[in-house]
Amino acid sequence: MVMAMDRIALFSSSSSVYHHGSSHSHGSKSSRVFTIRSDSTAVGRKLYIPPREVHLQVKYSMPPQKLEIFKSLEGWANDNLLAYLKPVEKSWQPTDFLPEPESEGFYDQVKELRERCKELSDDYLIVLVGDMITEEALPTYQTMINTLDGVRDETGASPTPWAVWTRAWTAEENRHGDLLNKYLYLSGRVDMRQIEKTIQYLIGSGMDPKTENNPYLGFIYTSFQERATFISHGNTARLAKDLGDLTLGKICGTIAADERRHEHAYTKIVEKLFEIDPDTTVVGFADMMRKKISMPAHLMYDGRDDNLFDHFSSVAQRLGVYTAKDYADILQHLVERWNVEKLSDLSSEGNRAQDYLCGLPARIRKLEERAQGRTKEAAKNIPFSWIFGREVRA
(Lines of atoms letter the chains of each structure in order from A and count residues from 1; the text may use other names and numbers.)
(Lines give C-alpha, C1' and ligand atoms only; values in the text may rest on other atoms or scores of the structure.)
Protein backbone atom coordinates (compact mmCIF):
# COMPACT_ATOMS: atom_id res chain seq x y z
CA MET A 1 0.00 0.00 0.00
CA VAL A 2 1.51 3.28 -1.06
CA MET A 3 0.62 6.42 -2.83
CA ALA A 4 2.72 9.54 -2.54
CA MET A 5 4.01 10.35 -6.05
CA ASP A 6 0.41 10.73 -7.18
CA ARG A 7 0.39 13.97 -5.21
CA ILE A 8 3.11 15.37 -7.46
CA ALA A 9 2.35 14.44 -11.03
CA LEU A 10 0.84 11.02 -11.47
CA PHE A 11 -2.84 11.77 -11.86
CA SER A 12 -5.04 14.62 -12.97
CA SER A 13 -8.71 14.37 -12.15
CA SER A 14 -12.12 15.96 -12.29
CA SER A 15 -15.07 15.25 -10.07
CA SER A 16 -16.49 12.46 -12.19
CA VAL A 17 -13.85 11.28 -14.64
CA TYR A 18 -10.19 10.49 -14.06
CA HIS A 19 -7.86 10.46 -17.01
CA HIS A 20 -4.67 8.59 -16.24
CA GLY A 21 -2.16 9.02 -19.03
CA SER A 22 1.24 7.45 -19.35
CA SER A 23 4.19 8.34 -21.48
CA HIS A 24 5.87 5.19 -22.65
CA SER A 25 9.38 4.77 -23.86
CA HIS A 26 7.99 2.66 -26.71
CA GLY A 27 7.61 5.67 -28.99
CA SER A 28 4.09 5.72 -30.38
CA LYS A 29 2.78 3.21 -27.90
CA SER A 30 0.79 4.65 -25.04
CA SER A 31 -1.57 3.52 -22.33
CA ARG A 32 -4.54 5.52 -21.20
CA VAL A 33 -7.05 4.65 -18.56
CA PHE A 34 -10.44 6.29 -18.30
CA THR A 35 -12.08 5.71 -14.98
CA ILE A 36 -15.81 6.33 -14.88
CA ARG A 37 -16.62 7.12 -11.28
CA SER A 38 -20.34 7.75 -11.38
CA ASP A 39 -23.25 8.85 -13.45
CA SER A 40 -26.65 10.27 -12.56
CA THR A 41 -29.94 8.47 -13.00
CA ALA A 42 -33.19 10.16 -13.89
CA VAL A 43 -34.11 10.47 -10.22
CA GLY A 44 -30.82 12.13 -9.34
CA ARG A 45 -29.24 9.18 -7.56
CA LYS A 46 -25.69 8.21 -8.35
CA LEU A 47 -25.31 5.01 -10.31
CA TYR A 48 -21.82 3.66 -9.77
CA ILE A 49 -20.00 2.18 -12.71
CA PRO A 50 -16.81 0.36 -11.70
CA PRO A 51 -13.65 2.05 -12.99
CA ARG A 52 -13.03 0.81 -16.49
CA GLU A 53 -9.88 0.67 -18.56
CA VAL A 54 -10.15 1.51 -22.23
CA HIS A 55 -8.11 -1.17 -23.95
CA LEU A 56 -5.40 1.02 -25.41
CA GLN A 57 -2.84 -0.32 -22.96
CA VAL A 58 0.34 -1.84 -24.29
CA LYS A 59 0.17 -5.63 -24.02
CA TYR A 60 2.69 -8.44 -24.52
CA SER A 61 5.66 -6.11 -24.92
CA MET A 62 8.27 -8.77 -24.13
CA PRO A 63 9.74 -10.37 -27.29
CA PRO A 64 8.79 -14.07 -27.48
CA GLN A 65 12.42 -15.16 -27.48
CA LYS A 66 12.80 -13.77 -23.96
CA LEU A 67 10.39 -16.41 -22.64
CA GLU A 68 13.23 -18.90 -22.68
CA ILE A 69 15.10 -16.80 -20.11
CA PHE A 70 12.38 -17.33 -17.53
CA LYS A 71 12.09 -21.00 -18.39
CA SER A 72 15.84 -21.38 -17.89
CA LEU A 73 15.60 -19.59 -14.52
CA GLU A 74 13.18 -22.11 -13.00
CA GLY A 75 15.99 -24.02 -11.31
CA TRP A 76 17.41 -20.78 -9.94
CA ALA A 77 13.97 -19.71 -8.70
CA ASN A 78 13.45 -23.05 -6.98
CA ASP A 79 16.74 -22.73 -5.10
CA ASN A 80 16.76 -18.98 -4.42
CA LEU A 81 13.25 -17.52 -4.61
CA LEU A 82 11.29 -20.14 -2.66
CA ALA A 83 13.78 -19.83 0.20
CA TYR A 84 12.13 -16.51 1.09
CA LEU A 85 8.86 -18.26 1.98
CA LYS A 86 8.08 -19.29 5.54
CA PRO A 87 6.54 -22.69 6.36
CA VAL A 88 2.88 -22.34 7.30
CA GLU A 89 3.43 -24.13 10.62
CA LYS A 90 6.06 -21.55 11.59
CA SER A 91 4.10 -18.53 10.39
CA TRP A 92 2.19 -16.09 12.54
CA GLN A 93 -1.59 -16.00 12.17
CA PRO A 94 -4.02 -13.12 12.81
CA THR A 95 -5.45 -14.80 15.92
CA ASP A 96 -2.02 -14.54 17.56
CA PHE A 97 -2.64 -10.80 18.00
CA LEU A 98 -6.39 -10.70 18.69
CA PRO A 99 -8.69 -11.41 21.65
CA GLU A 100 -9.28 -15.15 22.05
CA PRO A 101 -12.97 -15.87 21.27
CA GLU A 102 -12.85 -19.23 23.09
CA SER A 103 -11.50 -17.61 26.26
CA GLU A 104 -13.67 -16.63 29.23
CA GLY A 105 -11.76 -13.36 29.22
CA PHE A 106 -12.72 -12.56 25.62
CA TYR A 107 -15.02 -9.67 26.47
CA ASP A 108 -12.45 -8.14 28.80
CA GLN A 109 -9.81 -8.44 26.08
CA VAL A 110 -12.09 -6.71 23.58
CA LYS A 111 -12.79 -3.97 26.11
CA GLU A 112 -9.06 -3.42 26.61
CA LEU A 113 -8.56 -3.23 22.84
CA ARG A 114 -11.33 -0.66 22.49
CA GLU A 115 -9.87 1.43 25.32
CA ARG A 116 -6.49 1.49 23.59
CA CYS A 117 -8.06 2.46 20.28
CA LYS A 118 -9.78 5.48 21.83
CA GLU A 119 -6.40 7.19 21.73
CA LEU A 120 -5.98 6.75 17.96
CA SER A 121 -6.48 10.03 16.11
CA ASP A 122 -8.85 10.33 13.16
CA ASP A 123 -6.05 11.02 10.70
CA TYR A 124 -4.18 7.94 11.91
CA LEU A 125 -7.35 5.87 11.49
CA ILE A 126 -7.67 7.08 7.89
CA VAL A 127 -4.16 5.89 7.07
CA LEU A 128 -4.63 2.57 8.87
CA VAL A 129 -7.95 1.93 7.13
CA GLY A 130 -6.41 2.82 3.77
CA ASP A 131 -3.58 0.39 4.43
CA MET A 132 -6.04 -2.34 5.33
CA ILE A 133 -8.26 -1.75 2.29
CA THR A 134 -5.23 -1.92 0.02
CA GLU A 135 -4.14 -5.20 1.61
CA GLU A 136 -7.66 -6.60 1.22
CA ALA A 137 -7.52 -6.10 -2.56
CA LEU A 138 -5.08 -9.02 -2.74
CA PRO A 139 -7.08 -10.89 -5.45
CA THR A 140 -6.21 -8.05 -7.81
CA TYR A 141 -2.49 -8.33 -7.12
CA GLN A 142 -2.37 -12.08 -7.68
CA THR A 143 -4.28 -11.54 -10.90
CA MET A 144 -1.76 -8.91 -11.96
CA ILE A 145 1.22 -11.20 -11.40
CA ASN A 146 -0.54 -13.93 -13.34
CA THR A 147 -0.73 -11.65 -16.38
CA LEU A 148 3.06 -11.86 -16.74
CA ASP A 149 4.37 -13.99 -19.59
CA GLY A 150 6.71 -16.81 -18.71
CA VAL A 151 5.96 -16.85 -14.98
CA ARG A 152 2.16 -17.00 -14.70
CA ASP A 153 0.34 -19.90 -13.06
CA GLU A 154 -0.97 -21.58 -16.20
CA THR A 155 -3.31 -24.06 -14.48
CA GLY A 156 -4.15 -22.56 -11.08
CA ALA A 157 -2.03 -25.23 -9.39
CA SER A 158 1.07 -25.30 -11.56
CA PRO A 159 4.17 -26.90 -9.96
CA THR A 160 6.62 -24.43 -11.55
CA PRO A 161 8.58 -22.43 -8.95
CA TRP A 162 7.23 -19.16 -10.36
CA ALA A 163 3.65 -20.32 -9.79
CA VAL A 164 4.45 -21.84 -6.40
CA TRP A 165 5.97 -18.53 -5.33
CA THR A 166 2.97 -16.48 -6.48
CA ARG A 167 0.45 -18.67 -4.65
CA ALA A 168 2.52 -18.84 -1.46
CA TRP A 169 3.26 -15.11 -1.55
CA THR A 170 -0.47 -14.48 -1.87
CA ALA A 171 -1.17 -16.80 1.06
CA GLU A 172 1.31 -14.94 3.25
CA GLU A 173 -0.04 -11.55 2.22
CA ASN A 174 -3.61 -12.66 2.86
CA ARG A 175 -3.01 -12.56 6.61
CA HIS A 176 -2.25 -8.83 6.53
CA GLY A 177 -5.69 -7.62 5.50
CA ASP A 178 -7.38 -10.25 7.68
CA LEU A 179 -5.57 -9.05 10.80
CA LEU A 180 -6.02 -5.31 10.25
CA ASN A 181 -9.68 -5.83 9.29
CA LYS A 182 -10.49 -7.74 12.47
CA TYR A 183 -8.61 -5.28 14.66
CA LEU A 184 -10.44 -2.30 13.20
CA TYR A 185 -13.77 -4.12 13.48
CA LEU A 186 -13.23 -4.76 17.17
CA SER A 187 -12.05 -1.19 17.78
CA GLY A 188 -15.50 0.29 17.17
CA ARG A 189 -13.83 3.43 15.84
CA VAL A 190 -14.64 3.05 12.15
CA ASP A 191 -17.64 2.51 9.87
CA MET A 192 -17.04 -1.07 8.79
CA ARG A 193 -19.86 -1.09 6.23
CA GLN A 194 -18.36 1.85 4.37
CA ILE A 195 -14.96 0.17 4.55
CA GLU A 196 -16.37 -3.10 3.23
CA LYS A 197 -18.00 -1.24 0.35
CA THR A 198 -14.67 0.39 -0.47
CA ILE A 199 -12.97 -3.01 -0.56
CA GLN A 200 -15.63 -4.41 -2.89
CA TYR A 201 -15.39 -1.42 -5.20
CA LEU A 202 -11.59 -1.64 -5.26
CA ILE A 203 -11.40 -5.34 -6.07
CA GLY A 204 -14.04 -4.87 -8.76
CA SER A 205 -12.08 -2.00 -10.28
CA GLY A 206 -8.76 -3.81 -10.64
CA MET A 207 -5.55 -1.92 -11.35
CA ASP A 208 -3.34 -1.00 -14.28
CA PRO A 209 0.33 -0.99 -13.23
CA LYS A 210 1.39 -0.68 -16.90
CA THR A 211 3.48 -3.83 -16.74
CA GLU A 212 2.37 -4.96 -20.22
CA ASN A 213 2.36 -8.73 -19.48
CA ASN A 214 6.13 -8.29 -19.23
CA PRO A 215 7.89 -9.97 -16.29
CA TYR A 216 10.84 -7.58 -16.53
CA LEU A 217 8.43 -4.72 -15.83
CA GLY A 218 6.30 -6.74 -13.43
CA PHE A 219 9.14 -7.68 -11.10
CA ILE A 220 10.51 -4.13 -11.13
CA TYR A 221 7.04 -2.97 -10.10
CA THR A 222 6.72 -5.50 -7.27
CA SER A 223 10.24 -4.71 -6.03
CA PHE A 224 9.30 -1.05 -5.73
CA GLN A 225 5.90 -1.71 -4.19
CA GLU A 226 7.06 -4.18 -1.56
CA ARG A 227 9.69 -1.74 -0.31
CA ALA A 228 7.11 1.04 -0.26
CA THR A 229 4.71 -1.14 1.71
CA PHE A 230 7.46 -2.05 4.17
CA ILE A 231 8.08 1.67 4.76
CA SER A 232 4.38 2.46 5.12
CA HIS A 233 3.60 -0.30 7.62
CA GLY A 234 6.78 0.49 9.53
CA ASN A 235 5.63 4.09 9.96
CA THR A 236 2.12 3.10 11.04
CA ALA A 237 3.79 0.84 13.63
CA ARG A 238 5.83 3.75 14.96
CA LEU A 239 2.81 6.05 15.14
CA ALA A 240 0.67 3.41 16.88
CA LYS A 241 3.28 3.09 19.61
CA ASP A 242 3.47 6.88 19.93
CA LEU A 243 -0.32 6.93 20.37
CA GLY A 244 -0.13 4.30 23.12
CA ASP A 245 -1.35 1.18 21.30
CA LEU A 246 1.62 -1.15 21.62
CA THR A 247 -0.34 -4.15 20.32
CA LEU A 248 -1.26 -2.32 17.13
CA GLY A 249 2.34 -1.21 16.83
CA LYS A 250 3.44 -4.83 17.01
CA ILE A 251 0.83 -5.82 14.41
CA CYS A 252 1.98 -3.19 11.91
CA GLY A 253 5.62 -4.00 12.60
CA THR A 254 5.03 -7.70 11.99
CA ILE A 255 3.34 -6.95 8.67
CA ALA A 256 6.22 -4.63 7.75
CA ALA A 257 8.69 -7.47 8.38
CA ASP A 258 6.78 -9.69 5.93
CA GLU A 259 6.86 -6.94 3.32
CA ARG A 260 10.60 -6.52 3.73
CA ARG A 261 11.18 -10.23 3.22
CA HIS A 262 9.03 -10.12 0.09
CA GLU A 263 10.94 -7.06 -1.11
CA HIS A 264 14.19 -9.00 -0.80
CA ALA A 265 12.72 -11.80 -2.92
CA TYR A 266 11.53 -9.57 -5.75
CA THR A 267 14.71 -7.47 -5.82
CA LYS A 268 16.66 -10.73 -6.00
CA ILE A 269 14.77 -11.66 -9.18
CA VAL A 270 15.57 -8.33 -10.80
CA GLU A 271 19.18 -8.58 -9.65
CA LYS A 272 19.39 -11.89 -11.52
CA LEU A 273 17.85 -10.31 -14.62
CA PHE A 274 20.46 -7.54 -14.49
CA GLU A 275 23.12 -10.25 -14.31
CA ILE A 276 22.00 -12.19 -17.38
CA ASP A 277 20.23 -9.52 -19.48
CA PRO A 278 21.32 -6.06 -18.27
CA ASP A 279 20.28 -4.13 -21.36
CA THR A 280 16.65 -5.27 -21.41
CA THR A 281 16.41 -4.90 -17.64
CA VAL A 282 17.75 -1.35 -17.42
CA VAL A 283 15.53 -0.25 -20.32
CA GLY A 284 12.55 -1.83 -18.54
CA PHE A 285 13.45 -0.12 -15.27
CA ALA A 286 13.60 3.27 -16.99
CA ASP A 287 10.32 2.58 -18.78
CA MET A 288 8.52 1.87 -15.50
CA MET A 289 9.89 5.03 -13.92
CA ARG A 290 8.97 7.19 -16.91
CA LYS A 291 5.41 5.89 -16.62
CA LYS A 292 5.64 6.38 -12.84
CA ILE A 293 4.80 3.61 -10.42
CA SER A 294 1.01 3.60 -10.20
CA MET A 295 -0.26 2.72 -6.76
CA PRO A 296 -2.24 -0.49 -6.17
CA ALA A 297 -5.26 1.32 -4.71
CA HIS A 298 -5.41 4.25 -7.13
CA LEU A 299 -8.98 3.29 -8.14
CA MET A 300 -10.19 3.44 -4.53
CA TYR A 301 -13.83 4.53 -4.13
CA ASP A 302 -16.39 4.35 -1.31
CA GLY A 303 -19.56 5.24 -3.20
CA ARG A 304 -19.28 8.89 -2.15
CA ASP A 305 -15.87 10.46 -2.66
CA ASP A 306 -14.68 10.58 -6.27
CA ASN A 307 -11.24 11.67 -5.07
CA LEU A 308 -10.90 9.24 -2.17
CA PHE A 309 -7.46 7.97 -3.12
CA ASP A 310 -6.05 11.48 -3.44
CA HIS A 311 -7.52 12.46 -0.07
CA PHE A 312 -6.24 9.31 1.63
CA SER A 313 -2.75 9.72 0.16
CA SER A 314 -2.68 13.36 1.22
CA VAL A 315 -3.30 12.38 4.85
CA ALA A 316 -0.58 9.72 4.63
CA GLN A 317 1.83 12.30 3.23
CA ARG A 318 1.03 14.77 6.01
CA LEU A 319 1.54 12.14 8.74
CA GLY A 320 4.80 10.99 7.18
CA VAL A 321 3.52 7.45 6.67
CA TYR A 322 4.40 7.40 2.98
CA THR A 323 5.66 10.48 1.17
CA ALA A 324 7.04 11.69 -2.13
CA LYS A 325 10.44 11.72 -0.44
CA ASP A 326 10.00 7.99 0.24
CA TYR A 327 9.29 7.47 -3.47
CA ALA A 328 12.59 9.12 -4.40
CA ASP A 329 14.44 7.24 -1.66
CA ILE A 330 13.10 3.90 -2.90
CA LEU A 331 14.21 4.69 -6.43
CA GLN A 332 17.66 5.67 -5.17
CA HIS A 333 17.84 2.46 -3.14
CA LEU A 334 16.97 0.29 -6.14
CA VAL A 335 19.41 2.10 -8.43
CA GLU A 336 22.15 1.38 -5.89
CA ARG A 337 20.94 -2.13 -5.05
CA TRP A 338 21.06 -3.17 -8.69
CA ASN A 339 24.33 -1.28 -9.39
CA VAL A 340 22.73 0.62 -12.27
CA GLU A 341 25.48 3.23 -12.32
CA LYS A 342 28.15 0.55 -12.83
CA LEU A 343 26.51 -1.20 -15.80
CA SER A 344 28.70 -1.39 -18.89
CA ASP A 345 28.58 -2.63 -22.49
CA LEU A 346 25.02 -1.40 -22.91
CA SER A 347 23.28 -0.46 -26.14
CA SER A 348 22.64 3.21 -26.90
CA GLU A 349 19.10 2.78 -25.54
CA GLY A 350 20.51 1.09 -22.46
CA ASN A 351 22.97 3.94 -21.90
CA ARG A 352 20.17 6.49 -22.15
CA ALA A 353 18.10 4.48 -19.66
CA GLN A 354 21.08 4.29 -17.30
CA ASP A 355 21.63 8.07 -17.41
CA TYR A 356 17.93 8.74 -16.88
CA LEU A 357 17.69 6.44 -13.85
CA CYS A 358 20.82 7.74 -12.15
CA GLY A 359 19.63 11.35 -12.41
CA LEU A 360 15.96 10.76 -11.61
CA PRO A 361 16.00 10.67 -7.77
CA ALA A 362 17.39 14.21 -7.60
CA ARG A 363 14.81 15.44 -10.11
CA ILE A 364 11.97 13.88 -8.12
CA ARG A 365 13.21 15.49 -4.90
CA LYS A 366 13.18 18.91 -6.55
CA LEU A 367 9.63 18.34 -7.77
CA GLU A 368 8.62 17.23 -4.28
CA GLU A 369 10.03 20.41 -2.72
CA ARG A 370 8.01 22.59 -5.10
CA ALA A 371 4.87 20.52 -4.59
CA GLN A 372 5.05 20.78 -0.80
CA GLY A 373 4.23 24.48 -0.81
CA ARG A 374 1.30 24.07 -3.19
CA THR A 375 -0.07 21.16 -1.15
CA LYS A 376 -0.04 23.18 2.08
CA GLU A 377 -1.87 26.05 0.39
CA ALA A 378 -4.53 23.71 -1.05
CA ALA A 379 -5.15 21.70 2.14
CA LYS A 380 -8.71 21.62 3.45
CA ASN A 381 -10.91 19.56 5.73
CA ILE A 382 -12.39 16.51 4.00
CA PRO A 383 -15.14 14.22 5.37
CA PHE A 384 -14.26 10.52 5.31
CA SER A 385 -17.05 7.94 5.29
CA TRP A 386 -14.68 5.44 6.95
CA ILE A 387 -14.91 7.44 10.18
CA PHE A 388 -18.63 8.25 10.00
CA GLY A 389 -18.16 11.42 7.97
CA ARG A 390 -15.82 13.14 10.40
CA GLU A 391 -13.49 15.61 8.73
CA VAL A 392 -9.73 15.29 8.45
CA ARG A 393 -7.24 17.76 7.02
CA ALA A 394 -6.21 16.66 3.52
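Counting begins at 1 with the first residue displayed.
Backbone N, Cα and C atoms are what each Cβ position is placed from, and that goes for glycine too.
Listed in Swiss-Prot:
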type: BINDING; residues: Glu135, Glu173, His176, Glu259; note: Fe cation 1 binding site
type: BINDING; residues: Glu173, Glu226, Glu259, His262; note: Fe cation 2 binding site
type: TRANSIT; residues: 1-37; note: transit peptide
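Sequence-distant contacts (6 or more apart, same chain, Cβ under 8 Å) of Glu226 (Fe cation 2 binding site) comprise Glu259, Arg260, His262, Glu263, Tyr266. In the structure shown, the C-beta of His176 has more C-beta neighbours within 10 angstroms than that of any other entry among the binding-site residues His176, His262. Glu135 (Fe cation 1 binding site) falls within a helix when secondary structure is assigned with DSSP.
Considering only the binding-site residues Glu135, Glu173, the Cβ with the fewest other Cβ atoms within 10 Å is that of Glu173.
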